[in-house]
Each structure stands twice: as C-alpha cells, then as structure tokens.
Amino acid sequence: MTNIRKSHPLLKIINDSLIDLPAPSNISSWWNFGSLLGICLGIQILTGLFLAMHYTSDTATAFQSVTHICRDVNYGWILRYLHANGASMFFICLFLHVGRGLYYGSYIFMETWNVGILLLFAVMATAFMGYVLPWGQMSFWGATVITNLLSAIPYIGTSLVEWIWGGFSVDKATLTRFFAFHFLLPFIIAALVMVHLLFLHETGSNNPTGIPSDMDMIPFHPYYTIKDMLGALAMILALLALVLFSPDLLGDPDNYIPANPLNTPPHIKPEWYFLFAYAILRSIPNKLGGVLALVLSILILILMPLLHTSKQRSMMFRPLSQCLFWLLVADLLTLTWIGGQPVEHPFIIIGQLASILYFSLILILMPFVSIMENHLLKW
C-alpha cells in the first residue's frame with residue numbers, strides 16, 4: 001500500500017515540495033533565505049491582519065488608531081513593532097537572497113529569477129504603502145515625494161499622479177486606497193511565491209559549485225528541514241531582540257509627529273531598505289533621469305542572465321569576479337549611507353560616483369572580467 005502522503009492529491013504536492021524533494025547534498029546556509037522569507041511573509045500577514053482589526057484608514061484618526069494599538073490593545077505594541085521590524089527582517093533576507101543568486105549564478109534559471117524580480121517589486125510596493133499608513137510626518141511627506149516622481153513621466157505624468165492621489169494632494173482618498181492595496185498585495189505576493197517555487201522545482205536547486213548535482217541528491221526532509229529550522233530560530237531570535245530591546249532603532253523619529261501638510265521635515269527620507277535606490281535617484285540632477293535611474297537600479301537584475309559571459313556558472317572559482325562582487329556590495333552599502341545624508345557637499349559627489357560605479361560594475365566591469373577569466377583559464 002502506498003503511503004498516503006504519496007497518493008493523496010493535496011498531500012502529494014506538499015510531499016513533493018517539502019519532504020521527498022531531491023536537493024543537492026552540498027547547498028550551504030546561503031540557501032536558507034528562501035524559507036526565511038516564507039516565514040517573514042507569514043509573520044507579516046498574521047501581525048498585519050491583527051493590526052488591521054484596530055487600524056482606521058482615515059486622515060483624522062489614523063495616527064490616533066496606531067497610538068491606541070500601542071497603548072490600549074492587549075499586546076498591541078508587540079504586534080506593531082513585530083510588523084514594522086518584520087519588514088526590515090524581510091528586506092535583509094531579500095537582499096541576501098538576491099545576493100546569493102548573483103554570486104552563485106542562480107539567475108541562469110530565468111523563469112525563477114524573473115518571478116523573483118517581480119516579487120521584489122511587489123514587496124517594495126507593499127512596504128512603501130505600509131510606511132504611509134501610520135500617518136506621521138515622514139509617512140505623509142514620503143508619500144508626497146515618491147508619488148510625485150511619477151509627474152516626471154512626459155505628457156501623462158501630472159494626470160497619473162492626481163489619479164493615484166485621488167485628488168490634488170496626498171489626502172484621505174490616498175490613505176484609504178494605500179491601506180486597501182497594502183492589505184491586498186501580501187496575498188498576491190503569496191501567490192507569486194507559489195509560482196516562484198513551481199519554476200524552481202522544474203529545474204531543481206542550484207548549488208555553490210554551479211555544477212549540475214543530479215547524481216548527488218538527498219531528500220529535503222529531514223536534512224534541510226532541520227537546517228531551515230535552525231535558520232528560522234536564529235532569525236526569530238534576532239527579530240525578537242530588535243523588537244524587545246530597541247524597536248525604534250530602524251524607524252524615523254519624525255514619524256512620531258502627526259502628519260502636517262504645512263510643515264516639511266528638514267530631511268525627507270524613506271526607510272533604510274530603500275536608501276540605496278533613493279541615493280541613485282538623488283544623484284541625477286534631472287527629474288526624469290533620476291526616476292529612470294531609480295527604476296533601472298532594480299530592473300537591471302533582469303539583464304543578469306544576458307550579461308553572464310563566464311563559462312562557469314558560480315563565482316566560487318573566479319577570484320577576480322569575487323572581488324568585483326564584494327566591491328558591488330560595498331558600493332550598495334555606501335549608497336545606503338548616502339541616501340540617509342542631507343543633499344550637500346561632499347555627499348552629493350560621493351553619491352554620484354557610487355551610482356556610476358553601481359551601473360558600471362553590473363553592465364561593463366563584471367561581464368568584461370568574466371571574459372578575461374575565461375581566457376586566463378584557456379576556456
């Protein structure tokens with residue numbers, strides 16, 4: 001008699017995805033981030049659901065409702081801070097997951113990679129709209145500045161911005177629709193995750209060497225379920241430490257001031273995970289040019305499979321490419337720092353140089369060095 005997990009229509013899907021799935025025997029802890037992202041999404045949906053039960057998406061009461069959650073709702077404060085810092089954890093895992101994909105050549109699985117980029121955009125959109133909901137100063141002005149960027153689009157720009165706002169400024173209509181979309185998008189993300197996994201399981205996982213591992217596979221359970229549980233434990237521990245010891249470490253103090261359209265904060269900046277893109281946006285003096293650079297800074301990931309000129313898939317045995325990869329990481333950290341600084345000397349020129357280096361590394365230097373390595377190895 002066949003085991004029920006192998007014959008039952010529903011259990012069979014779970015079995016083929018989480019239990020009997022053949023996985024390479026040599027995948028390292030860098031492969032843990034997929035499951036960690038799944039846990040992050042689960043935490044965000046759960047905490048968000050309970051927060052939505054007490055939140056009101058009205059400009060007159062939104063700020064007060066968040067205060068009410070923190071002060072009067074049982075364990076409301078921990079829900080709110082788990083949700084806010086859970087987003088930061090989500091992005092840490094996302095960046096590491098994408099970085100892993102770049103380093104080990106996972107982008108060769110083009111369908112999985114492209115769905116992943118779509119997921120990245122969806123998560124960024126969700127996080128941006130979520131930041132607007134507490135209706136603090138930075139929420140209001142962040143929403144105003146970022147949505148206003150669309151006015152740089154020729155001909156339809158102004159109409160598009162007013163259509164998104166639902167009026168002539170960020171107001172009640174904007175907050176209500178942002179709340180609606182912020183609630184809806186995580187479920188769309190969950191559906192996209194299923195598609196992402198579907199494409200991944202068509203090809204099987206990559207591994208650190210970049211060499212096909214068909215001849216050396218092990219079952220996902222118990223080996224990688226245990227490994228994922230250890231990663232999850234570490235991440236949840238880090239998240240709880242952040243929430244319970246310094247919940248406002250990654251937030252902006254200006255967001256504890258209720259939104260005031262008549263008073264602009266001295267430095268308008270987004271959450272830390274958008275700062276690298278914000279720095280690229282600010283480094284170009286032209287508005288449309290800046291918006292294009294902002295979009296391309298993420299969209300450039302789509303070109304990765306086309307820019308792969310090496311005969312080897314992974315960077316594991318390519319020291320020159322490794323140097324450029326870590327230079328790219330350092331460059332992104334520099335951009336993140338610059339994004340949080342005021343627009344003045346010397347930050348302007350540092351931001352411009354870091355932006356030029358970012359695009360040069362991905363479009364020119366890394367493909368060129370890969371060709372050079374092929375010649376050095378006489379391939």
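Cβ atoms are placed via backbone N, Cα and C, with glycine included.
Annotation comment: Swiss-Prot describes His83, His182 as heme b b562 binding site, evidence class similarity to another entry. The heme b b566 binding site feature in Swiss-Prot is assigned to His97, His196; the stated evidence is similarity to another entry. The feature ubiquinone binding site is assigned by Swiss-Prot to His201. Feature annotation from Swiss-Prot assigns transmembrane segment to 33-53, 77-98, 113-133, 178-198, 226-246, 288-308, 320-340, 347-367; the stated evidence is similarity to another entry.
Where Swiss-Prot records a feature, it is marked here on the structure.
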residue	record	Cβ contacts under 8 Å, 6 or more apart
His83	heme b b562 binding site	Gln44, Thr47, Gly48, Leu51
His97	heme b b566 binding site	Phe33, Gly34, Leu37
His182	heme b b562 binding site	Gly48, Thr126, Met129, Gly130, Leu133
His196	heme b b566 binding site	Thr112, Val115, Gly116, Leu119
His201	ubiquinone binding site	Asp16, Ser17, Leu21
In contact by Cβ distance (the transmembrane segment (226-246), the transmembrane segment (178-198); 3 or more pairs under 8 Å): no
The transmembrane segment (77-98) and the transmembrane segment (226-246) contact flag, 3+ Cβ pairs under 8 angstroms: yes
Sequence-remote partners of the transmembrane segment (226-246) [C-beta within less than 8 Å, at least six residues beyond its ends]: 29, 32-33, 35-36, 39-40, 43, 78, 81-82, 85-86, 88-89, 93
Chain residues in Cβ proximity to the transmembrane segment (113-133) (below 8 Å; excluding those fewer than six residues from its ends, i.e. six or more beyond): 55, 57, 62, 66, 87, 90-91, 94, 98, 101, 106-107, 139-140, 142-143, 146, 174-175, 178-179, 181-182, 185-186, 188-189, 192-193, 195-196, 199, 270-271, 273-274, 298-299, 301-302, 304-305
His97 (heme b b566 binding site) in three-state DSSP notation: helix
